[in-house]
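Shown next, in structure tokens, is the structure this report addresses.
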Amino acid sequence: MEEKFWKDHCMLLNKDEENELEIFGYKTQRCRKALCITGYILSCGALLLLFYWKPEWDVWANCIPCSLEEADIVLLRTTVRCIQVQKIRYIWDFSIKQFKKVGSLEDSNTCYSIHHKFGAGLTREEQKIRQLVCGPNAIEVEIRPIWKLLFKEILNPFYVFQAFTLTLWLSQGYTEYSVAIIVLSIISVGLTVYDLRQQSTKLHDLVEEHNKVQVTVCVKSEGCKELESRYLVPGDVFLLDGKKLSLPCDAILIDGSCVVNEGMLTGESIPVTKTPLPLTESPMPWKTHSMEDYRRHVLFCGTEVIQVKLTGRGPVRAVVLQTGFNTAKGDLVRSILYPKPMNFQLYRDAFKFIIGLSAIGVLGLIYTVCVFTYHQKPVAEVVAMALLLLTVAVPPAIPAALTTGTVYAQRRLKKKKIFCITPQRINICGQINLVCFDKTGTLTEDGLDLWGVLPSEGSWFQKIHKFPSSTPLPWGPVCGVMASCHSLVVLDKKIQGDPLDLKMFEGTHWEIEESNMSQDGAGALHTCIVRPGPKASSAPVEGIAILHQFPFSSGLQRMSVVSQKIGEEQYDLYMKGAPEIVSSLCRQETVPADFLKELKMYTSQGFRVIALAHKVLSLGKDVDVSDLEREKAESELVFLGLLVMENRLKQETKPVLQELAAARIRSVMVTGDNLQTAVTVARSAEMIPRSSKVIIIEASEPEGSAPASIAWQLAEDSKASTAAAPVCANAQEKINLDGESCSYHFAMNGKSYQVLIKHFYSLLPKILVNATVFARMSPGQKSSLVEELQKLNYYVGMCGDGANDCGALKMAHAGISLSEQEASVASPFTSQIPNIQCVPELIREGRAALVSSFAVVKYLTLYGLIQFVGTALLFWQLQIFGNHQYLIQDVVITLLVCLTMSLTEAYPKLAPYRPPGQLISPPLLLSVVLNVYFTVTMQTCGFLLVKQQPWYVALASQRHCSLGNQTVLATSPKGNGTSSAQSTVLSYEDTTLWPLTTINCIIVAFVFSKGKPFRKPIYTNCE
């Protein structure tokens, strides 16, 4: 019975997803509610304040557990029938008794059902129901009112404690320092509120335009009508009319094709061609049918449609897939609104320090009560002095001092053109011991240079044609494929597209015309025409019309086009792609026997190699080429040769990687490029030392009765893997890696990585410790790799140019984007200098900031304890330091130290070890404990020794203990021949202890302001 109740009471939201949440149902009980209201009144609002800090306690106090179906309150403090969690809407499904996410088309839809169920649009009634359930299609970011931000900030437990402390100090006449702290706190709160308000405004302005787009929507049986995009719902059909449009939702293209700029998602403003979802009767869900390349049919929210291409079936149409915060842009905005919490050890330890100091303060409170009660002092004085000693032990400046350090570091980074949107991560950068780098655009130059083309004829490679060359590339199938097999478009009279396509096309000296309308058997069709330019070699054709494109996909690793020579009836298919893939689709008799040898020769030199192929298509006269099946068309091709591209290392790459290696910081390459090319670039950059060996891991999925297996192959072995008889291991065999040392580096592709995750997970940690190159990695695999490295207790940095790196940049402890596109908004750090020099700079500043933070926490801890011991000793005599004495220590010394201790810049050379990552560690705790021991010994000795002096005069009747600026001394019952009237000293104990505590504070400030190896010496602050 209890088990059934618990099942109904509790459930998981987003099960097995990154944002998985538990939700519990509660029902309000009137008697509990009445008791809580009574508690609010009796505690003068203190209980209500506690419940504000701990909302789950509020639910537990006011409600009783119940099933989710009966509940009217959940721990998220909203109504149960429809809840919103991190901007995503969920509704209660009574049939399955679970919350269900809304705002998306069901993933179970097949290609056929999407075309036939939604192709004609929704009825008006269906639209209304979906609008009610899914809510508006809007990414709304509220500009939070200043009063709300202010209220939330000042209700922070630290500021509440500070308000209590300052009230007590003011009541005791300690006005100057209290006013100084109030002013600093107002400035601190004001800056924080201003910062939050600015961020809120910027994010609001970024997404606001998305909510005001006019679209043409098709309503079933009613035709098309203009509609504001906020009224779109999943399942709606809208038209793309050729105008530039910022997409207001995620949508599946079902008719026509279009060119979009996905810079918002990828960080690269490169036109991407989208193709319609195929009309096939496959029973598989549409995403499964399209495999990982389903994205080529999806228009993502926030991306810009820059060109549409009609087919013979009518206008370009798309079905709304997701709306609001469920979209790609919504997901990006949510990642900014609700960032992954970085629970860094420093902040946890600092909080523990404050708890420890509070415990010491409580002991001081008990001690004060005992002493003052023993001397029969008034209750008001006993309470005031006890609370005063409690507040002395806990310095209120610890959180503010930590913030000051990161602000200084952020300012220094800004001077180096590194911008930070989450300053808390700067300290975390000080612990980085592994950095993942993207290759293209990060380690190597952005663009590729055309180095040469190696044509093939009659199953033999011919003489290579190098670029640039005095003679143009001669006409032939190779020239045809280079001129037509691309996704280039003409926008504003300028050719735009993938840099690789652009370089390849420029090598032919052909020209491209803007898309125009032509007629075929099925009606209107957009075509792209390429023609020989003035500098091109003479060709027997007027030009080539590109009729249809099978776009490049990372899963298939190839692209192809269907074309037709102008004035001819023959159709040609041209293909380019990864050499291993293209050769497998060609007739084997056309592939040269030395194909693998030539391929390895060029990739081992660091060249990017693309294979080319061609096929004559046997089609009818009036065929619709857009209906061709890709798998059938891309088969039995003729191998044409290899296109060799050069990708140079950036000038700064090698020195930076050497600097990181000298500092014992691991460098790992994570790229979407070819494995052999990646290994070669890693060697060229000295990421892999020349003396080290590279072991390539090839893992295979289970096939039939054969289990999953791993093959290990030395990359230096020039023979094919079959001839080399690689070591193999399957799921049942023990794989011993204990003998591996750092002289070996593992390299693998994304496919092998996925197999290791799925079938050899226990082996993965041992491999990752020595793995250096990961090639052909998808964006999801990059994020997964960062997460797996973090599980091995690495502090991971990720540096990428924004293209497909967004997920990994967000997942890493420190993500550094070299792109200034919108995608960099998701990255904690952005460098305006597009090379990896920013990485050591960030680590240096992180280390300096971390050491400064530790120093400030240790100093403030000891400062509080030094004052605590001195005050406690004076309380024994019913005395206290004067107002100005506290003021000098608090303002002139401590406040100045806190503001300047973090000013010290980072040491220019990276040390081969990291600063300590934990405050609560034996070496750091020992320094604090020994200093406390020294303080207690010194002050106690001073306190006792002054009493032994012949000129010492004790107080006859103790003065009233207050924070006045002067101490009144009564006559001593015991005199040593000196009367109080003749004495100019008000209190010998005070006069002895105050210089000791002051000098102690100054000594501690210098002791903890350590310079080398992580910071410059303290005297450089004056420079």
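Backbone N, Cα and C atoms are what each Cβ position is placed from, and that goes for glycine too.
Per TrEMBL, the features are as follows:
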type	residues	note
DOMAIN	17-108	domain 'P5B-type ATPase N-terminal'
TRANSMEM	34-53	transmembrane segment
DOMAIN	117-164	domain 'Cation-transporting P-type ATPase N-terminal'
TRANSMEM	177-196	transmembrane segment
DOMAIN	212-336	domain 'P-type ATPase A'
TRANSMEM	350-374	transmembrane segment
TRANSMEM	386-409	transmembrane segment
TRANSMEM	860-880	transmembrane segment
TRANSMEM	886-903	transmembrane segment
TRANSMEM	924-946	transmembrane segment
TRANSMEM	992-1009	transmembrane segment
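Model confidence over the domain 'P-type ATPase A' (212-336) stands at 80, taken as the mean pLDDT rounded to a whole number. Within the same chain, the transmembrane segment (860-880) packs against the transmembrane segment (350-374): three or more Cβ pairs sit under 8 Å, each pair at least 6 residues apart. Ranking 177-196, 386-409, 886-903, 924-946 by CB pairs under 8 A with the transmembrane segment (350-374) puts 386-409 at the top. Distant neighbours of the transmembrane segment (924-946): 854, 858, 861-862, 865-866, 869-870, 873, 916, 918, 952, 988-989, 992-993, 996-997, 1000, 1004, 1007; these residues of the same chain sit at least 6 beyond its ends, with a Cβ under 8 Å from one of its Cβ atoms. Counted over residue pairs separated by six or more positions, the transmembrane segment (177-196) shares fewer than 3 Cβ pairs under 8 angstroms with the transmembrane segment (992-1009), which leaves the two as not touching. Sequence-distant neighbours of the transmembrane segment (992-1009) (same chain, 6+ residues past either end, Cβ-Cβ under 8 Å): 855, 858-859, 862-863, 866-867, 869-870, 873-874, 881, 885, 888-889, 893-894, 897, 901, 904, 931, 935, 938-939, 942-943, 945-946, 1018.
Here the domain 'Cation-transporting P-type ATPase N-terminal' (117-164) has, by DSSP, the following mix of helix, strand and coil residues: 30 helix, 1 strand, 17 coil. For the domain 'P-type ATPase A' (212-336), residue counts in helix, strand and coil come to 32 helix, 51 strand, 42 coil, using DSSP.
Shown for the domain 'P5B-type ATPase N-terminal' (17-108): DSSP residue counts in helix, strand and coil, namely 29 helix, 28 strand, 35 coil.
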